[in-house]
């Protein structure tokens with residue numbers, strides 16, 4: 001007689017399972033990862049911190065070129081499909097190709113000993129999604145146990161998955177050329193069958209970000225904001241969310257001894273307030289030190305899982321070594337961080353919404369207060385810029401415009417996310433701020449001390465009492481003085497020896513904003529927002 005879970009796997013096409021290890025304990029996972037007979041990327045290595053380290057092979061990051069969504073009645077009118085005009089990662093896949101990939105993965109997982117992890121994506125019971133992850137690799141089960149919300153014994157008894165992830169990382173697709181796909185590897189979603197298939201890539205983040213893409217599909221259609229942001233809450237219950245692309249300071253600035261962390265990367269905002277999607281953190285570890293990021297450093301202990309780090313012969317980790325990848329990572333359960341919201345990672349409505357940008361052009365002010373229209377404009381623009389070296393040794397800024405500060409994970413059109421976010425903000429009486437953690441006319445990056453002073457002024461409300469003036473071209477309201485912030489930096493023009501230099505750079509950057517925003521002007525709502533952007 002097949003067990004309930006065996007029957008459910010058989011319905012998916014996974015048959016003759018030798019053994020099901022369901023929701024293993026951390027102790028069990030440790031024993032599985034340490035088995036001497038394991039080979040290749042299945043093998044775990046114990047480090048002196050107590051955490052296990054694994055390698056993910058040639059894939060040390062996500063593989064967006066291999067991401068597909070089945071084009072059918074459910075998805076065709078909702079998904080933000082890639083097009084010649086606006087490229088994104090949501091490529092259509094036909095039903096026949098999906099069927100053949102599904103058979104590849106279910107065949108790979110049949111006749112095996114499997115790990116089945118049942119978990120929730122979303123800390124709020126009313127909005128969460130029940131997820132089942134099926135894999136033959138112990139550390140992949142460990143990764144999802146760390147990253148998603150772990151159910152209670154009682155919840156497991158009656159667990160019915162809304163969505164299934166079948167991870168067949170050991171199998172590749174021999175027919176990819178005939179099927180018109182990018183490569184033999186695949187990350188495919190079927191929104192009707194509610195299944196994600198993974199093949200050829202071992203990278204753990206495909207499961208995490210795959211489920212984020214799904215939450216980004218389902219929740220906004222129900223009027224719930226879905227956000228690529230960190231979030232924290234003060235002693236008075238005041239919630240702040242921090243949007244920003246990689247490297248702008250999301251994790252650093254939301255980790256604040258005066259406030260409790262709700263989560264560091266993915267959140268929803270429903271009728272109850274802001275809630276974390278995850279039960280863990282997935283932190284970058286390149287050049288990690290206890291001095292610079294004590295919370296993350298101390299979270300790397302037993303039950304944490306390191307990816308693609310260099311482990312020395314004595315078992316210690318060389319965090320400065322990026323020879324495998326710059327994208328070295330660690331996943332750990334959120335309770336490895338001390339100052340968190342417990343027992344459930346959720347809080348009330350956000351009163352402060354902070355957009356972080358690292359402007360390498362040296363144009364934007366360190367902080368400005370946004371109108372509702374500007375909030376939509378800068379959210380849709382999703383701007384940041386990096387400094388990249390050029391041949392002649394000049395470092396020139398490279399702008400990045402990533403819609404909603406997370407274009408890679410958007411399943412619907414960006415204007416949908418802006419509309420839902422602003423509606424939530426209006427209902428909660430929230431205020432948005434644009435905070436530049438990048439550079440100014442001095443050629444130096446704005447100091448973390450000044451940025452923390454700015455964040456404090458936003459969170460304690462003192463920015464509301466400050467006098468403001470308008471910055472030309474961008475028409476942004478900037479404060480003239482804030483407590484514990486160097487007043488000389490608040491107007492970016494004052495950081496240039498020659499103010500005409502700022503003007504030239506500002507015109508250049510404004511032109512880039514205008515050009516980027518053209519893609520949103522195909523509908524009336526987008527056209528109406530142009531006035532909130534820079535004026536040349």
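Quick reminder: no glycine exception, Cβ is built from N, Cα and C everywhere.
What you see is a predicted model, and the numbers here were worked out from it, not measured in a lab.
For 62, 203, 209, 329, the entry in Swiss-Prot reads substrate binding site, with the evidence type sequence analysis. The ATP binding site annotation in Swiss-Prot covers 209, 228, 244-252, 293, 329, 445-446, 451 and is backed by sequence analysis. Residues or ranges marked as Mn(2+) binding site in Swiss-Prot (evidence: sequence analysis): 209, 228, 265.
Here the features listed in Swiss-Prot are placed on the structure.
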residue	record	Cβ neighbours (10 Å)
62	substrate binding site	20
203	substrate binding site	27
244	ATP binding site	25
246	ATP binding site	16
248	ATP binding site	22
250	ATP binding site	24
252	ATP binding site	21
265	Mn(2+) binding site	24
329	substrate binding site	23
446	ATP binding site	26
Next item on the list: Might you list, by sequence position, any residue in that chain lying six or more from residue 209 (substrate binding site) with a Cβ less than 8 Å away from its Cβ?
Entry: 62, 408, 409
Check: If you run the three-state DSSP split on residue 62 (substrate binding site), which class comes out?
Finding: coil
Notebook entry, point to check: What Cα-Cα separation, expressed in whole Å, is found between residue 228 (Mn(2+) binding site) and residue 250 (ATP binding site)?
Noted result: 10
Checklist line | Among 203, 244, 252, 329, which are recorded as binding-site residues, the nearest neighbour of residue 265 (Mn(2+) binding site) by Cα | finding: 244
Notebook entry, point to check: Could you give the maximum C-alpha to C-alpha distance in Å for the residues 62, 203, 209, 329 that bind substrate per the record?
Noted result: 14
Notebook entry, point to check: Beyond 62, 203, 209, 329, what residues of that chain have CB atoms within 8 A of the centre of the substrate site's CB atoms?
Noted result: 61, 204, 205, 206, 208, 282, 327
Check: By the DSSP assignment reduced to helix, strand and coil, which category contains residue 228 (Mn(2+) binding site)?
Finding: strand
Notebook entry, point to check: By a simple count, how many Cβ atoms lie within 10 Å of the Cβ of residue 228 (Mn(2+) binding site), its own Cβ left out?
Noted result: 25
